[in-house]
Amino acid sequence: MKRTAREAEESNRTLNRRTLMLGGAMGAMVAVLGARMRYLQVDQADQFKLLAEENRINIRLIPPERGIIMDRNGKVIAGNEQNYRVVITREAAGDVDLVMRRLAAIIPMTAEELQASIDQVKSLRAFVPVTVAERLSWDDFSRVAVNAPALPGVVPEVGQSRRYPLDTDFAHVVGYVGPVSEKDLADLESPDPLLRIPKFQIGKIGVEKWMEETLRGEAGTKRIEVNSAGRVMRELERREGTPGKDIRLTIDAEVQNFAQARLGEESAAVVVMDVTNGDIICCASSPSFDPNLFVRGISHAEYNALMENDHRPLANKTVSGAYPPGSTFKMVTALAALEAGVATPDTRVSCPGYIEFGGRRFHCWKRSGHGTVRLSRSLSESCDVYYYEIAQKVGIDKIAEMGRKLGLGRKFDIPMSAITEGNMPDKAWKMARHKQEWRIGDTINASIGQGYVLASPLQLAVMTARIASGRQVLPRLVRMVQGRELPVPEAPALDIAPEHLAAVRKGMHEVVNGDNGTAKSSRIVEPTLAMAGKTGTSQVRNISKAEREAGVISNDQLPWHRRDHALFVGYAPYDNPRYAVSVVVEHGGGGSTAAAPIARDVILRALSDGLPPLNAYPASQRARIETMLRELPLRDPVTGRPPARSAT
Amino acid sequence: MSFLEYRVKQAPTGIRKILYMNWPLVVLVTAVASVGFLMLYSIAGGNLDTWARPQMERFAVGMVLMFIVAMVPIWFWRSMAGVAYLVAFVLLLVVEFFGTVGMGAQRWIDLGFIRLQPSEMMKFTLVMVLAAYYDWLDPKRVSRPLYVLIPVLLIVVPTVLVLMQPNLGTSLMLILAGATVMFVAGVSLWYFGAVLALGVSAVIGVFTLRGTEWQFLHDYQYRRIDTFLDPSADPLGAGYNIIQAKIALGSGGWSGKGFMQGTQSRLNFLPEKHTDFIFTTLAEEFGFVGAFSLLGLYALILGFCLVAAWQNRDRFSSLLIIGVAANFFFYIAVNLSMVMGMAPVVGVPLPLLSYGGSAMMVLLVGFGLVQSAHVHRPR
C-alpha cells in the first residue's frame with residue numbers, strides 16, 4: 001500500500017491530536033479520582049474514622065463480684081464460691097462428638113446431658129464457647145485439665161456462683177438469687193445493662209432482692225476488637241468494675257440456727273428483737289427450704305414438693321403470716337383502757353365465765369369464770385370477760401390507736417419480701433372495707449385479739465419490745481454496709497404513761513412467774529434472766545352449733561389444719577429488758593404449751609453465749625430440757641455443717 | 001523514505017535492544033507491582049505465603065514474558081495480530097461451551113498447568129487487530145460507514161461472548177479500549193456522539209425492561225447498580241462492600257493508620273480485600289498520601305505510554321501503545337471509581353495490585369508489546 005508523505009503526515013497529525021485529547025481526558029479522570037480521594041480521606045475523614053472504630057470495637061461487660069451477706073458477727077450467710085465449669089468451642093474442638101464423648105467419660109454426665117450439650121454446641125456459631133458442665137468437683141475439674149491434650153477446644157474455667165452455706169437457716173430472710181427473667185426486666189425502668197448478660201443472677205426474694213442495688217456492684221468493661229463475624233480478636237482495654245458491697249445483718253446466725261432447729265418440723269415462726277435498738281436477732285420460719293436449690297435451678301419434682309407441703313415451707317411466716325393475735329393482744333386493750341382513763345390497774349371486773357350482749361353470749365375461755373379480776377390477774381390468767389367489759393367502755397377506735405402506737409397494722413421498712421401489714425381494724429376501716437357499721441360484738445372480739453385483728457410475728461415482737469422498753473422501737477435487719485455501721489437513731493419514748501406500762505409489765509411478769517400464770521411452766525428461775533410474757537391461743541375456726549352441743553372438743557381430736565394457733569410474746573430479763581420474742585405455732589394448740597416453751601428456749605439462747613443454761617430452768621424440768629437440747633440438730637458453730645443425721 | 005528502509009537500517013539488534021527499551025516504564029511498573037506485594041503481605045496479616053509470594057512469582061514470570069515480547073520485532077507482532085485475534089476468539093467460543101464455571105461464570109479453560117482466561121487474551125489481541133486494521137486502512141477512509149462497521153464488529157462480537165459468560169467488567173473494558181483505538185485512529189466524532197446517544201437510551205431501556213422477561217442484565221447486576229445508587233438501603237447485604245470500602249478509605253485519613261495497622265481490612269470487614277478492593281487497604285494504611293502517590297504512579301505510567309505513542313511515527317505502534325494504555329487506564333478508572341463509591345461494583349481488578357495471575361501476566365505481555373513498539377520504532 002502506497003501513501004504519499006503528505007498523507008502520512010496528515011494522518012499522523014490526526015493521530016497526535018487525538019492522542020492529546022485522550023491524554024487530556026485521562027488527566028481529567030485522574031484529577032476527578034484524586035479529588036474524590038481528597039474528599040473521602042481528608043474532608044470526611046473524621047466521620048469515617050468514627051465508623052471504623054465502631055466497626056471493630058465492641059464493649060463487653062465484666063460482671064462484678066456480688067456483695068457477701070453476713071450475720072451480725074461476720075459469719076457468711078450468702079457468699080460466692082468458685083464455680084468450676086467446662087466450656088467447649090466447636091471451632092477448636094474439631095470433632096465435637098468425639099471430644100464430648102471423651103469428656104463425658106471423665107466427668108459425671110448423663111447420656112441426655114451429653115446429647116443436649118452436643119446439640120447446643122452444634123447449633124451455635126463455631127467460635128461461641130458453650131458451657132457443657134458446671135459446679136464440678138475439684139477432682140473432676142482437675143481431671144479435665146490433666147486430659148486437656150485429648151480434649152481440643154475444651155477449656156476448664158473458674159467462675160463465681162452464689163452459695164448459701166447455712167442453707168435452710170436463712171432461706172426466708174436472705175432469699176436467693178436466680179437468672180434474670182423477662183418480668184424482672186419489665187419491672188425496672190432502666191435496667192442495668194448487666195442484667196442482660198446471659199446467666200447473670202439477681203436477687204429474687206428477701207435481702208438478696210431488696211438490697212440488690214447494694215449487693216450487685218458496678219460492671220467493669222473490656223473493650224475487645226472483633227471482626228465482622230463477631231469473633232474476638234484481642235482485648236484492647238480492661239476497666240475493672242466495683243464489687244458489690246458486703247452486708248452484715250442484725251441477725252445472729254447461731255441464735256437463728258438454734259431457733260430453726262427448735263421449731264423443728266412445726267409450721268411456726270419465731271422473731272427475737274433487741275428492745276434497745278430494734279435489731280432483729282432471729283427471724284426463723286419453719287419448715288424451711290434450701291435456697292441453693294434455686295440457684296442451681298430447681299427441678300420440677302423438688303419445686304412441686306415444696307408447693308404441695310401443707311406446712312408451706314416457701315412462706316416466710318415471720319413477716320408474711322398474718323394471724324389473729326388472740327390473748328397476746330390483751331396488753332393493747334388494757335393499755336388503751338388505762339390511757340383513756342376508763343380503768344385503773346385496780347379496777348375490778350367480775351367474771352362469771354361469760355357475758356351476754358344483745359342476746360349473744362361471749363364466753364371466757366374458763367367456763368367456770370374467774371370471779372373478781374383485776375388487771376394483773378386478767379393478764380396472768382388471761383381472763384376474757386375482763387377485756388370484754390373494759391373494751392366496751394374504751395371503744396374500738398382507742399384500742400386501734402393503741403395497737404398502731406405499739407406497731408400493729410403497719411408495714412415496717414425492712415429488706416424482706418412479702419411483708420404483711422396485718423390488720424388493726426377500727427370503725428372507719430370496717431365501713432371502708434365491708435360497708436358495714438362497726439358493732440359492739442366486733443369490739444368484744446377485737447378486745448381479745450380475735451375477729452378482724454391480724455398481726456405478724458414480727459409485729460407482735462415489735463409490740464412486745466415497745467411495751468418492754470417504753471420506746472418506739474423500729475425493727476432493723478441491716479447492721480453494716482461495707483464494714484460501716486449504720487446509725488441507729490434513738491427511738492423516742494412512747495406516748496404512754498410509764499405507770500400504765502409498768503402495770504401491764506407486772507401483769508406479764510405474773511403470766512410467767514405467778515402461781516396461776518398461764519405460762520408458769522415456761523418460767524425462767526434464774527432471777528437475772530427472768531422472763532415476762534403473754535400466751536395466746538387463737539381460733540382459726542368458728543365453733544359450730546353441733547360442736548357446741550357436743551361440748552368443747554379438745555384440739556387433739558381435730559384435724560391439724562383446724563386446730564388453734566399457739567402464740568406467745570415475751571421479753572427478758574424482766575427488770576432490764578434486752579430481748580423481745582414472739583412465737584407463733586400454726587395449729588399448735590395452746591399458747592402456754594406449744595409456744596411459750598419455744599420462746600423461753602430461744603430467748604435464753606439469745607441471752608447466753610452458748611446453749612441455754614440449765615440452771616435457768618425449774619429444777620423439775622432440767623433433765624427433760626437437757627435431753628431435748630442435746631438432741632437438737634444444731635450446726636457446728638465453726639464449720640456451719642449440719643449434724644450428721646440418721647436416716648430420716 | 002519508506003518505512004521498510006529505515007526499519008532495517010536503524011532498528012537496534014541483538015542484546016543491545018535492551019538498552020533501547022523504555023526503562024522508566026519498566027521501573028514504574030515494577031514500583032506499582034511492589035506496592036501490590038506490600039499490600040498483599042499486609043492483608044494476609046504479615047504472611048508472605050498467602051498471597052504476596054505467589055503474586056511475586058507471577059510478576060517475575062510476567063516480567064520475563066515482557067522482555068521476550070519486547071525483543072521480538074514489532075512487525076512480527078503486526079503480522080501475528082489477525083492470527084492472535086482468531087485464536088483468542090476461538091478460545092472464547094470454547095470457553096463458552098466447555099469452560100469451567102467459577103464464581104457463577106464461565107471464565108477459564110483449565111489446561112492443567114495454567115488456567116487460561118480467553119477474555120484476558122482478547123483484551124490485547126483486540127487492540128492489536130484494531131491497530132493493524134487502521135495501519136492497513138487508508139486514513140482517508142476511516143470514517144466511511146463500511147470501514148467503521150468492520151472494527152465495530154471486531155469489538156462487539158467478542159464482547160458479546162464475554163458478556164454471555166457473564167463478565168460485565170471485561171466486556172466493558174473491551175468496548176472502552178476498542179473505542180479508544182478507533183477514536184485515536186481518527187474515526188469521525190459524529191459516530192462517537194451517536195453511540196453515546198444510543199448508550200444513554202440503552203441504559204434507559206435496561207431499566208425500563210427490568211423485571212420483564214426481556215431484561216438485559218442478570219439480577220445480580222441490577223442489584224449492583226441499585227446498591228451503587230443507594231448503598232445505605234441494604235448495609236449488611238449488597239451495599240456492604242461499598243460502605244465498608246468507603247469507611248476503610250475515609251478512616252485512613254491524611255497519612256493512614258500505618259503499615260499492617262488497617263483495622264478494616266485485617267479484621268475482615270472488607271470483602272474481596274486482596275483482589276478488587278485492594279486499594280482500600282492501601283488507602284486505609286497509607287492514607288491520602290499513599291493513595292494519591294499510587295494515583296501519581298499510575299498517571300506517570302500512562303504519561304510515558306502516551307509520550308511513547310506520540311513519538312512513534314509508526315501508525316501500528318502508536319495505536320497499539322494507545323490501546324494498551326487505554327486498557328490500563330480504564331481498569332484503573334473503573335476500579336477506583338467503584339471502590340470510592342462513584343461507580344457500581346463491577347468485578348474489575350486494579351491493574352498490577354490486585355491478586356490474580358492471569359490479569360497480571362496479560363498486562364505485562366501488553367507492556368511487552370509497548371516495549372517492542374518502542375524498541376523497534378522508526379528512527
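Every residue, even glycine, has its Cβ placed from backbone N, Cα and C.
Residues of the same chain lying 6 or more positions beyond the ends of the transmembrane segment (B:20-44) and with a Cβ under 8 Å from any Cβ of it are 12, 50-52, 55-56, 59, 63, 66, 70, 259-260, 262, 265-266, 273-274, 278, 281-282, 285, 294, 297-298, 300-301, 304-305, 308, 352-355, 360, 364, 367, 370-371, 374-375. According to TrEMBL, the feature transmembrane segment maps to B:20-44 (among others).
If one looks beyond the transmembrane segment (B:56-77) by at least 6 residues along the same chain, the residues whose Cβ comes under 8 Å of a Cβ in the stretch are 7, 11, 17-18, 21, 26, 30, 33, 37, 128, 314, 316-317, 320, 357, 360-361, 363-365, 367-369, 371-373, 375-377. TrEMBL lists B:56-77 (among others) with the feature transmembrane segment.
If you look up TrEMBL, you'll see B:83-104 (among others) marked as transmembrane segment.
Taken from TrEMBL, the feature transmembrane segment applies to B:146-164 (among others).
According to TrEMBL, the feature transmembrane segment maps to B:176-209 (among others).
As annotated by TrEMBL, transmembrane segment applies to B:286-307 (among others). Counting residues 6+ beyond its ends, the transmembrane segment (B:286-307) has Cβ neighbours under 8 Å at 22, 24-25, 28-29, 31-32, 35, 249, 252-257, 259, 279, 321-322, 324-325, 328-329, 332, 336, 353, 370 in the same chain.
Look at TrEMBL and you will find B:319-340 (among others) tagged as transmembrane segment.
What TrEMBL lists as transmembrane segment is B:352-370 (among others).
Beyond its flanks by at least six residues, the transmembrane segment (B:352-370) meets 22, 25, 29, 32-33, 35-36, 39-40, 51, 54-55, 58-59, 61-63, 65-70, 74, 77, 108, 115-117, 120-121, 123-124, 127-128, 274-276, 278-279, 282, 294, 305, 308, 320-321, 324-325, 327-328, 335 of its own chain at Cβ-Cβ distances under 8 Å. Outside the transmembrane segment (B:176-209) by six or more residues, the chain places 123, 126-127, 130-131, 134, 139, 142-143, 148, 151, 154-155, 159, 215-217, 318-319, 322-323, 326-327, 330 with a CB less than 8 A from a CB of the stretch.
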